[in-house]
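Swiss-Prot lists Asp321 with the feature active site, proton acceptor. Residues annotated as motif '(Q/R)XXRW' in Swiss-Prot, with a curator's inference given as evidence: 361-365. As annotated by Swiss-Prot, topological domain 'Cytoplasmic' applies to 64-384, 430-466. The transmembrane segment feature in Swiss-Prot is assigned to 43-63, 385-405, 409-429, 467-487; the stated evidence is sequence analysis.
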Amino acid sequence: MIMQLGLTSLAFLALKCDAYNIAPKIDTPNVEPFAPSGGLKLLAIVAIIWYVVVLLVAYYGFFEIMQKFSKRKTLPVPPQVEGVTILRPIKGIDPEMELCLQSAFDQDYPKFEIIICVESENDPGIGVAEALIRKYPHVDARILKGDSHNPDHFGPNPKVNNLAKGYSAGKYDIMWILDSNVWVCSGALSRSVDALNRSLDNGRSTFDFQTGKGRKVNLVHHVPMAISINPQTGTNLDEMFLFTSHSKFYISINKAALAPCVNGKSNLYRRSELDLAVKRLGKGSEPSLDGTTGILAKDAAYYGSKPGQGLRFFARYIGEDNMIATALWFQNGGRTGLTGDAAIQPLGGVNSTSLKNYLLRRIRWLRVRKHMVLEATLLEPTTECLLCGTFGTFAISTLFLQSYFNWKFFIFHLLVWMVTDYTQFHILLTNASQDTATCNVPYFAEPNFNAYGSPFESSNLRTFHRWVLYWLLREVLALPIWISAMLGTRIIWRNRPFRINVDLSAEEL
């Protein structure tokens, strides 16, 4: 009875409240609408523009790899055969150096000579070179040794000092600078000469010889890659960097042809073109590669006036590869070209396998690049997966998803980037050594090579969980490496300390 009276009273009260439009009070949380400030919106707009730019550049390179690096390379039939001088600088013993040097002797090209340049007559690498010359008596090959007591010294760059004698002594105008620690396919020289003479970049013409429109290729280079031949952290990270982030942007920038982007592992150009570029530097209109005046113009005029000595001018720079490409590009109005080939370096030396070695190598070259291409180096960390994804997620979340950071989108970004890198890694790994020319492929360049044990017999894919581990580690380390590089100017190269000056030259300490 009491319960019935209570229910009746509640019903009467509800009807009365409804009659007077009185709603019962219910406590609700006070949720403020998402309203970012004008400054944050502007920042998000800038971030999304940059995010889109990075994605466009990255996938521009990725699709070029899918198109031009995903199949067996063919051997062109050149309309005319020009002689080529192959210069291979030696400094000590590198991992699998004999196999790397042998790749020059195996080139499927009818007319070339090999000059092996050695800094000192006591260098231990001389024995390896001499054995190869005996093994290939039909190949025009010789060793040029420096004077151990009075070595060539045109500047602090030991590689240029070593190469200078071979550059001057070469029989042919076309020079192929090929480091002693890289291996190339047997058809690489033929494709490179064809690209130089017909002005091709990955098979596409860049210059109309009838109308004169476009830029003529005057430097041919090959994508640098590295294979870890032992299961060590440092070499695995190098392999991951070169097969993913570096190759993607390296190929993309080269295709866009807005500025030179060249690694010096494997470069082919005409000696007469480089001598001409140095001569023009010395005339004073553009006295140096960074626009400064003074002794650089004087030195350029001196070396440019003597045929076969233009290379010596670049001994003042640690990054001579980029500076040579810059001179050929801006002084001679040329551009660079790729051929679909790779310069493959086996990594596994005693002093190069640790995580510390990897960190020091990356810091060293970032410090060099900081002085050569400052703007690009400052922006570099924003092109890496994690930081780029952070900017992109903030921008898209702020502008479209009513939040400051949507973790679901960030994870989606990471997964797409990782799958892209995984696909690209294995496309390059599978096809880097594939050539229709007769090619003696060394074990480390075989697609199924496994540094962790027996070869991958049924698949050339790296073990996924191990691949992901090194991929994540490399991505996480990218920003700390960049910060460390930006905070210093001193570098250690070939066990020698250097400082990079504001005019881009190097000073040995």
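Using the three backbone atoms N, Cα and C, a Cβ is placed for every residue, glycine included.
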Spatial neighbours of the transmembrane segment (385-405) not adjacent in sequence (6+ beyond its ends, CB under 8 Å) are 34, 36, 40-41, 44-45, 47-48, 50-51, 54-55, 245, 413-414, 417-418, 421, 475-476, 478-479
Beyond the flanks of the transmembrane segment (467-487) by 6 or more, those residues with Cβ under 8 Å of it: 233, 236-237, 240-241, 244-245, 359, 362-364, 366-367, 370, 378, 380-381, 384-387, 418, 421-422, 425
What average pLDDT is reported by the model for the topological domain 'Cytoplasmic' (430-466)? 77
In the motif '(Q/R)XXRW' (361-365), how many residues does DSSP assign to helix, to strand and to coil? 5 helix, 0 strand, 0 coil
